[in-house]
6 protein chains.
Amino acid sequence: MTVVRPSGRAPDQLRPVRIERGFTRHAEGSVLVSFGDTRVLCTASIDNKVPAFLRGKGEGWVTAEYGMLPRSTHTRSDREAARGKQGGRTLEIQRLIGRTLRACIDRGALGERTITLDCDVLQADGGTRTAAITGAYVALVDAVRWLQGRGEIKRDPVFGAVAAVSVGVYRGVPVLDLDYAEDSDCDTDMNVVMNDGGGFIELQGTAEGHAFRRDELDALLALAETGIGQLLELQRQALAG
Amino acid sequence: MTVVRPSGRAPDQLRPVRIERGFTRHAEGSVLVSFGDTRVLCTASIDNKVPAFLRGKGEGWVTAEYGMLPRSTHTRSDREAARGKQGGRTLEIQRLIGRTLRACIDRGALGERTITLDCDVLQADGGTRTAAITGAYVALVDAVRWLQGRGEIKRDPVFGAVAAVSVGVYRGVPVLDLDYAEDSDCDTDMNVVMNDGGGFIELQGTAEGHAFRRDELDALLALAETGIGQLLELQRQALAG
Amino acid sequence: MTVVRPSGRAPDQLRPVRIERGFTRHAEGSVLVSFGDTRVLCTASIDNKVPAFLRGKGEGWVTAEYGMLPRSTHTRSDREAARGKQGGRTLEIQRLIGRTLRACIDRGALGERTITLDCDVLQADGGTRTAAITGAYVALVDAVRWLQGRGEIKRDPVFGAVAAVSVGVYRGVPVLDLDYAEDSDCDTDMNVVMNDGGGFIELQGTAEGHAFRRDELDALLALAETGIGQLLELQRQALAG
Amino acid sequence: MTVVRPSGRAPDQLRPVRIERGFTRHAEGSVLVSFGDTRVLCTASIDNKVPAFLRGKGEGWVTAEYGMLPRSTHTRSDREAARGKQGGRTLEIQRLIGRTLRACIDRGALGERTITLDCDVLQADGGTRTAAITGAYVALVDAVRWLQGRGEIKRDPVFGAVAAVSVGVYRGVPVLDLDYAEDSDCDTDMNVVMNDGGGFIELQGTAEGHAFRRDELDALLALAETGIGQLLELQRQALAG
Amino acid sequence: MTVVRPSGRAPDQLRPVRIERGFTRHAEGSVLVSFGDTRVLCTASIDNKVPAFLRGKGEGWVTAEYGMLPRSTHTRSDREAARGKQGGRTLEIQRLIGRTLRACIDRGALGERTITLDCDVLQADGGTRTAAITGAYVALVDAVRWLQGRGEIKRDPVFGAVAAVSVGVYRGVPVLDLDYAEDSDCDTDMNVVMNDGGGFIELQGTAEGHAFRRDELDALLALAETGIGQLLELQRQALAG
Amino acid sequence: MTVVRPSGRAPDQLRPVRIERGFTRHAEGSVLVSFGDTRVLCTASIDNKVPAFLRGKGEGWVTAEYGMLPRSTHTRSDREAARGKQGGRTLEIQRLIGRTLRACIDRGALGERTITLDCDVLQADGGTRTAAITGAYVALVDAVRWLQGRGEIKRDPVFGAVAAVSVGVYRGVPVLDLDYAEDSDCDTDMNVVMNDGGGFIELQGTAEGHAFRRDELDALLALAETGIGQLLELQRQALAG
């Protein structure tokens, strides 16, 4: 089996991943994450309010918004602000990011405040949602440290870590971390979010060409596990830096 | 391990499922599908046009829209038409339904026409999206038969069948086809769409409480396979009726 | 004068009318009303709030929303939630339904709560607004009984009853309860809402082809009075059931 | 029976009515109509296109839009352009105006062009929709004459004339042409549109306080007929001027 | 240099300007201002609330909204309320009007209330924004006098006066108060707002054809100063009337 | 007069300015421009279509869109895509950017294509619109070179260059290139756009505190001229690089 990936990577090889903290200066957490040519700016903003359904319960909230700059893509897409609404794909992705980050937050320990993760894609080359989750986790930790640095929270509300990667069957071969060239010519595609305890947070698999068999699913999950292990390590290094 | 499900069902037991064809008379396909108290009206409408990106290519399109009547739920929800936009959950579900049904259609054989599946929830008790997919498949087949009956298409564009079910870990036990009482008190929840060849079309798993382990995932997939087998048989019977 | 109505009905004959209470289970009142092939699901939902302009006045409110499922009609209409706004016809009808039901409610006796009538057309064959008013009245009574059953209100806020029917001049002959075939080939068309005291609540007449004379108006009003008498009787039977 | 109307008018007395043609100079027809303190600017604009559903049929179209300046009313209302949508009342009124003016137009004779009547309320004191219809008719005739003056149409597409007035039961007495003080303290209220052949074009009666009896209806219709006779005469004089 | 302006005016000549107070009767200030054929109705409405960012600070607010009637222009423009949003030009103009009028108001002396200036163009012939500012100032003063007449404010919050005019280079010659014919065939165009102390409030110059030189700028500013002097005098006369 | 600017700059000193070409790789032109801590990503995208009003005329179009990332500012602003519309400030700025860049383009030489400049603020510290214009000019030139490199246009459609800077009166002293600390505590503020021939393209001055005198205006224009001279030189160096 000698499929050559367009990028020349081995089937189980991530793209070069970079996590730069402090990319902009106003946000409490600000991370530029790159998975190869995919670059996403993830900022974490703290607001001392919570949504109406949580008011007075002593719990915090973590939520996310996602956007692509109009020319982050090969051909220019309409600006959602100009069209007057966010598309279904955008809403789906930002709901996913918010859900996965809430999975590693103790909302009681956070207290009545909201952390909003804005994930804006500066350049897209496949895998923007998995890069966004991986980077937003680091921005979230930075925002929490900011709160701790000012003595505003006592216990660390972040438990564990989360990272995400895509996997797919490209020309019959299961591969890790699809780039755009692979993604657009791929039969099956799955986004996997895991935590550092080896548990699954989200699993979203779609058969684009034909349905995938159980053995393919197993191979994809194994690849994802490998990749996420490396991403969690990169997050640790970035946060230690 | 003797968890009692609120409904008294066995862990691997579907709710009573009913598929009524011809529920309304204008649509080319019209199915009322019930998964217990969840009732969804699925209509298939044929239009002799295709979206702009397909024009002139000799291919057809299948798409879906989803809605809940305001008082299909325990407490009344706002009417999306009155609020002026469809919410993120709605868009996510209708994108899912469209994608899964396109997975069993030969778009060339369909010819330049669009079939729109409208899935409107009359009463909700958990699992509306899986009921919608299961019922919409039957409405789609009816619409295709309508075209065949008028000689408008030669080859049958439907290959295979698709059905969907939810599975989840309820109080530590993997169970099939969650109803609302289980869904709202459940740690992990997965929607599975499969075809009649045993392949996976979509897999959407979310850890609501804590992350799920690989062995739980395996148990859930096995349950889903069982349930979908029964649903595919019920679809066959309905279509034979 | 031997006009044959497309349905074969006599000029002063209603379509078969059915009023099924308890059609869905979550709403405090839930009625499926059928005027022939026109089927409208009317639910009444109670909310313990009132609009801002009534707050603190000790009075309740009754309001209505109306919608058509996209394929309730001969050809599919756009989903209003997807288009991002309710059309003028929809707003006009829901304002009419709300207004006519408020005409039989003592808002002081209702207390500071809102009852919302959702009228959703499952299948349309002419006369959806008159069917909706006739069915919504029954759902409203059921919701009020639900409040009384729980001891939340003392005096019955419903006084009298209201029902509605359309009348029109079809090929020169005044006829009762137009179906779609008649409605689309009709010179004059009037919706009449009356109460059980014989008073008029609303009168909306439109000359589609040519203006109508005073004697035609008189004939139409007489027909409406007959039809509404029968509808009020059917409401009484349904509520006694 | 000696009810004194707030304005001191007799029950069957119109407010002073003025119809000024050529109020602004760009539009093909431009009329400022006043019913007492109610002042509406009605312009008729010609466009050599028709809506999609009429294209290629050789027929024209007449349509209307309605708006109130934010401070045309006693207290300032929100600007609909700023709120981002037209309210239900606005849509209802503009649909009514368009429908009634189409009732006096031979669309074949108009040819494939659209005449849009914009009715903008500069000052409101009750009866804005009936003033708008009465004034818009004159603007429509002016626009048609403009077309005739340039030889663009051969046959006059306007047949007959239409005018409108409100009637209501004020403190038990049927009165003609309600002003705001009466309108807001009135049990029953009806807008009547008639043509110069004595036929009814539209009839919209609403019981605000209590239902109206048949004899009240007859009295209101008689008043409307009187008032509309006078309005038709004033239109004729204005158009002769 | 003998450029003939389309209107025959001298380069430094304003169009005939008229300021009619009390044009409509509900608003606390209501002014119809005409700069030649440009006619703008400016109303000032008082509301005893302030925007959220000012609440509890003891200061008032002055804001403006701007609109054009659809057929105020040579060819009909879409109604912004029907399109569902205000265009960029509208927002830009209403922000400008609000800003310039706030420049002559002592917000502390006004107290916690908002004055909204609605500037609606009945007929457009160039210079609508400068006419609007000039007229809105008079309406604002009338509204303040209304408050003073009722003893609701003690100190006069209006200091100084503001007026506005456009200037431009038309066929190489600097001219004052451009009308539509000049404006649409003009290289450079500047809107100038000044107060009665000779200070500049706003300066908005745009090179439509080619960039303007410093000497042209100086000539335009001198023209503007002359014109605004005359407009301030006309405001004084109107307010003295 | 020894005012100390918060940044310690001299009154006529620009912030450090950086112009990085090729910041992202999909766009035909992509420039990250920094004026101190203000960082704006400007991309130029080519589309082989023109707006409807230009179709078939053989001319091209240049337009701009502007946005701020939600946390580019000190406190997070709402995402315009989520709010469903672009604010007045955004529309005003993007209209300004488009207008100024069209002032240096020969639209006939560009041919029937549109170049869209997307200016997205990654970090804001005052002067985002002037940085955007200065950077977008470079991106525009790069896009034009891309077209020339592929032989798609013959003549260079760019004539001259444009750059922009803000000036203002800070604590009584005219200063160049305001940063956020100055901008928010400043009496008068002017944005100036000039070309390399020394001509003015746009001038937008606003008196925030009190009106500005003619001599202040002259001082500000002189400062702007100095600053723009330096910016034009930096553009030349960047484009030569």
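Any Cβ shown, glycine's included, is placed from N, Cα and C.
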- Item | Binding-site annotation, TrEMBL, phosphate: partner of C:G127, C:T128, C:R129 in C:R83, C:R89, C:R155, C:R171 | C:R89
- Message: Going by DSSP assignments with H, G and I as helix and E and B as strand, what are the residue counts for the domain 'Exoribonuclease phosphorolytic' (C:161-226)?
- Response: 17 helix, 30 strand, 19 coil
- Message: Summarise the domain 'Exoribonuclease phosphorolytic' (C:13-143) as counts of helix, strand and coil residues per DSSP.
- Response: 42 helix, 41 strand, 48 coil
- Please name the residue among the binding-site residues C:R89, C:R129 whose C-beta has the most neighbouring C-beta atoms within 10 angstroms. C:R129
- Query: Which residues of the same chain, at least 6 positions away in sequence, have a Cβ lying under 8 Å from the Cβ of C:T128 (phosphate binding site)?
  - Reply: C:T38, C:V40, C:M68, C:I93, C:V121
- Item | Cβ-centroid neighbourhood (8 Å) of the phosphate site, C:R89, C:G127, C:T128, C:R129 excluded | C:Y66, C:I93, C:V121, C:A124, C:G126, C:T130, C:A131, C:A132, C:N191
- Listed phosphate-binding residues C:R89, C:G127, C:T128, C:R129 - what's their greatest C-alpha to C-alpha distance in Å? 13
- Task: Could you tell me the mean pLDDT over the domain 'Exoribonuclease phosphorolytic' (C:161-226), as a whole number?
- Result: 93
- Message: Please list, in sequence order, the residues in the chain of C:G127 (phosphate binding site) that are at least six apart in sequence and whose C-beta is under 8 Å away from its C-beta.
- Response: C:F35, C:T38, C:V165, C:S166, C:D177, C:L178, C:D179, C:D183
